[in-house]
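Novice: My structure is below; once you've seen it, I'll send some questions.
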């Protein structure tokens, strides 16, 4: 492998991580408060929910698909968890997972069996689930409060100054890495995204793999919503609008190709943290409103996509 | 010995075409069986029946003596039938090892894939196929030949009893071809049946034991390859009986052009188009072609000899590695069909549906399309000018349509072809390249198109005619260049323009 190839490949896979390290370094030097533990902890904690959803999205995008319903499912999961918490911890977890899993199954079956475009199917899911959530909460007028202390502790309890969701995210990310890199299922996801027709000819169960990917994405979105409800002690209905786009942005910034077939969990986690750090840095600057965070994230995303295009061209030439 | 796979009287019908008509073929363990035939002979259809992609409308498929129905390609694979397609069907972005072993990766503890063992096994397997590479790299880093070997290794390692290879050598280097033949012989010796589809006769004679020739969906011949002379094989493929070739012409060319005295060709005239040394790796190997005003030059050769590619290279529709095209004394900018059209060189492509007509547009729009730049002022197109041009050509070419506004997709194949001819004539070309202009159109329309080619040449248009119909070629062309494996291997003119001479030229040994 030539050194040029090596460089372009490393950039593709670990570019987000490298930029993240650079930004953290710059931030630490520029702002005293940036590197303080409570600031770092708040970035990590608030990123963890996005990260959980992004793990599922990584599988979806590598398989060549897209899942627009995760923002709505995140909210639905939160509302159902808060509602279910009056019946105890178990219901507070099972209810959102069951509901979201079902939506994911439905979307997955439609996409895999009819060959309809994932964009359209999950857009329908986004709208449908949002409507369902509004109906459950009387158009947002009713906010369910988390009644069960054990469930609330799941979102608020701390070890070493970091809340439980951070550890849950780390655990899920590690499991997802093994699943993606070291199991037949993971290989099938790459193969389908890389060349679906070839995958089918190589004996990959295309339909069932796709269904599993969408179920997983929906389950993780629901879980993130439930954990968020536990953290906030209520099922807030106004969050989560447009969240799917942040998730997709994080995954793509992390080096996963939107066209499918390549990518990974490490990059996604780096991408999520990168978005969090950009937000935090803009808060430090002070006189910039947080709206600028989106401008910067958008610019960064554009940069990454252009860079990916150039890198893959460079790889093909060499 | 009992055949491992046998087709008995297989028929397959597509709308308007009987692609296979009662074809029988038996594949025995330990034989390499060549399947040959020209375009539309039914080879691909038969392969797809064997591999479960198509389901036959009639006849029976026997697998190890028992009737078998392959519902999907997976069913066929489970029955031990592996196929290596012309285009490599693997996942380019995944590593070589993962491509090779997908679905059969060595497992370590907890059923998790053992990456180390996987890379080791992949390296060992591929070494047996002459592929020495870092198996961790993405597949797309390998050359096409090595990718093909990976596909082959994968197909064979899935416990194959039958391996079907569709043009496996079309993008291989000679050294890789040697390796491939070694692998094929090894497979044969271990009792696997190999079906080998290729147009390269030299290769067939090197590696195949038996041969089946298909023509127009029917079985033309099956038997030992060694007992069949090259010339016989070619005449079987092209459907021209050596003895009866001389007969009254069936085509509608006004006369055998090459025999007629006083055709409009001025042998001293400067060529309207001259291609020199057209070269593209694996495809063209230094092809020289020139066409004079009023001359019809035929390109002969078997499928895959580089006829279509020559035409595409001339108009810049296919990138070339070397050579140039000269029109009116000036070299043409390569890779630009726009430049070619502007210089007066137009191509009527072979695949009318995919590369020619735009089915959602009307007859009028289809005709005017290429000529639009010349039909207006300052980029604004004049409707009156279009109407005039469309009317002239619809009348001149006798295009049968309800009105110029009828959708072109509603016309018959012959009329669609005339619409395309009109499109290119409307830009007033100096030379027209016609790739299989009469394929798939009915007899009447065929005669009209042939007569038209004659007329156009008489008016001074240069024509490059590609046709698999030998009769059409012989009667339509003044001069014929015979191509084989991307190179011109013979030029026939005058009395030499006969079907026998063409076939004999194709049959000559590459080294002879």
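Including glycine, each Cβ sits where the backbone N, Cα and C put it.
Heads up, here are the entries from TrEMBL:
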{"type": "TRANSMEM", "residues": "A:40-61", "note": "transmembrane segment"}
{"type": "TRANSMEM", "residues": "A:90-112", "note": "transmembrane segment"}
{"type": "TRANSMEM", "residues": "A:119-137", "note": "transmembrane segment"}
{"type": "TRANSMEM", "residues": "A:157-180", "note": "transmembrane segment"}
{"type": "TRANSMEM", "residues": "A:211-230", "note": "transmembrane segment"}
{"type": "TRANSMEM", "residues": "A:265-285", "note": "transmembrane segment"}
{"type": "TRANSMEM", "residues": "A:291-311", "note": "transmembrane segment"}
Novice: Which residues of the same chain, at least 6 past either end of the transmembrane segment (A:157-180), have a Cβ under 8 Å from a Cβ in it?
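Specialist: Residues 37, 41, 44-45, 48-49, 51-52, 55, 58-59, 62, 186, 189-190, 220, 227, 231, 264-266, 269 contact the transmembrane segment (A:157-180) from elsewhere in the chain.
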Novice: Taking residues 6+ outside the transmembrane segment (A:265-285), which of them lie with a CB under 8 Å of any CB in it?
Specialist: 13-14, 16-17, 19-20, 23-24, 27, 30-31, 33-34, 39, 42-44, 46-47, 50-51, 54-55, 57-58, 173, 176-177, 180, 246, 249-256, 292-293, 296-297, 300
Novice: Can you tell me which of A:40-61, A:119-137, A:211-230 gets the most C-beta pairs within less than 8 Å of the transmembrane segment (A:90-112)?
Specialist: A:211-230
Novice: Which sequence positions outside the transmembrane segment (A:119-137), separated from its termini by at least 6 residues, show Cβ-Cβ distances below 8 Å to it?
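Specialist: Result: 66-69, 71-73, 75-76, 79-80, 83, 103, 106-107, 110-111, 143-144, 214, 235, 237, 244.
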